[in-house]
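K.L.:
Structure in structure tokens, see below.
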Amino acid sequence: MKKTPVVVIVGPTAVGKTKTGIELAKAFDGEIVSGDSVQVYRGMDIGSAKVTKEEAEGIPHHLIDICDPDDAMSVAMFQQLARAAIDDIYARGKLPIIVGGTGLYIRSILYDYEFVERPVDEALREELERLAEVEGREALHQRLVQLDPERAATIHPNNVRRVVRALEVAMQGDTQTTDSAPSEHYDYRLFVLHADREILYDRINQRVDAMMEAGLVEEVERLLAQGYRDTQAMRAIGYKEIIPYVEGKISKDRATDLLKQHTRQFAKRQLTWFRHQFDGIWVDMGRKSFELSYKNIYDDVEGFFRKFRLF
């Protein structure tokens, strides 16, 4: 049975994923499936760099604004929702395009991980807790950074209990799979967008400034007023830096600087993760104009999907 064709656009924040995905959707009659762990939450728009109505240019986007910030969202749940969206898109004769930066979520979509409930591994938990005592909290947190940078960015190193739990999930999953080497669920073409560090960091700094001007502080104030302060969602980069400013603990300049710093560090970890976890086509989005970089992607997608006779 022929697998469903899917295009996947991944990369660090501010590299140009959103624009690339939309241009491909316009060219190939596609729809976007968001692969971002924060954009699923309603009201978390500016801090997650959620696509605006103007930016979307009429292209449908899926898995955005599907739950509240205090709702649970696991990898298994995301996999189920994303695959349902992809199946629906393809059934209507459209091209599914996954766009995002949450590598663990995207891998769960692309590969045949079959999730079942997993009991707590007490031996593993004891070993991780022992490592925290012997090597220290920072060292334990660094292990999580290497395995799951997205999750690590939401947990403070001093919160050993949550670091240990996150490591358990990263090493075993909330669930277990029936295959240690899962097969590919889709016939996909994956592109990793990247740029030289200096160029990428400059874009990140500019994006943060634009987010602050667009009302990120006011967005965080609204979320706090709605009672979401202590939710997992509010520990995401873009929100955890602004909360101390809103609460009068740090200055606005300090909050802005922290957000830039954390976003740059996260982008570096994302690229490292993509390099080790995805076998894709790397596209430099910094040295050439967007048009030239996009044309390389367009030409590849056009050739790849000729065999499906979709276009």
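Cβ coordinates are placed from backbone N, Cα and C, and glycine is handled just like the others.
The feature ATP binding site is assigned by Swiss-Prot to Gly11, Pro12, Thr13, Ala14, Val15, Gly16, Lys17, Thr18. Residues or ranges marked as substrate binding site by Swiss-Prot on the basis of sequence analysis: Thr13, Ala14, Val15, Gly16, Lys17, Thr18. Annotation source Swiss-Prot lists region 'Interaction with substrate tRNA' at 36-39. Residues annotated as site 'Interaction with substrate tRNA' in Swiss-Prot: Thr102, Arg125.
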K.L.:
Cβ within 8 angstroms of the Cβ centroid of Thr13, Ala14, Val15, Gly16, Lys17, Thr18: which residues besides those meet this for the substrate site?
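P.N.:
Apart from the listed residues, the neighbours are Gly11, Pro12, Lys19, Ala49, Gly101, Leu193, Arg203, Met285.
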K.L.:
So what sits near Arg125 (site 'Interaction with substrate tRNA') in its own chain, CB-to-CB under 8 Å and at least six residues off in sequence?
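P.N.:
When sequence neighbours closer than 6 are ignored, Arg125 (site 'Interaction with substrate tRNA') has Val164, Glu168 within Cβ distance under 8 Å.
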K.L.:
Go ahead and report the DSSP secondary structure tallies for the region 'Interaction with substrate tRNA' (36-39): helix first, then strand, then coil.
P.N.:
0 helix, 0 strand, 4 coil
K.L.:
Taking the centroid of the Cβ atoms of Gly11, Pro12, Thr13, Ala14, Val15, Gly16, Lys17, Thr18 (ATP site), which other same-chain residues have Cβ within 8 Å of it?
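P.N.:
Near the ATP site, the remaining chain residues are Gly101, Leu193, Met285.
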K.L.:
Do you know the mean pLDDT across the region 'Interaction with substrate tRNA' (36-39)?
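P.N.:
PLDDT averaged over the stretch: 95.
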K.L.:
CB neighbours of Thr18 (ATP binding site) within 10 A?
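P.N.:
Around Thr18 (ATP binding site), other Cβ atoms within 10 Å: 21.
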K.L.:
Of all the recorded positions given, Thr13, Thr102, which residue's CB has the most CB neighbours within 10 A?
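P.N.:
Max Cβ neighbours within 10 Å, all protein chains included: Thr102.
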K.L.:
Pop the Cα-Cα gap between Gly16 (ATP binding site) and Thr102 (site 'Interaction with substrate tRNA') into the table, whole Å please.
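P.N.:
Here the two Cα atoms are 15 Å apart.
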K.L.:
With an 8 Å cut-off on Cβ-Cβ distance and a minimum sequence separation of at least 6, pull the same-chain contacts of Gly11 (ATP binding site), or say none.
P.N.:
Lys17, Gly101, Val192, Leu193, His194, Gln270, Leu271, Phe274, Met285
K.L.:
Quick one: among the binding-site residues Ala14, Val15, which has the most Cβ atoms sitting within 10 Å of its own Cβ?
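P.N.:
When each Cβ's neighbours within 10 Å are tallied, Val15 tops the list.
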K.L.:
May I ask you to report the DSSP-based helix, strand or coil state of Pro12 (ATP binding site)?
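P.N.:
Going by the DSSP assignment, Pro12 (ATP binding site) belongs to neither helix nor strand, so it counts as coil.
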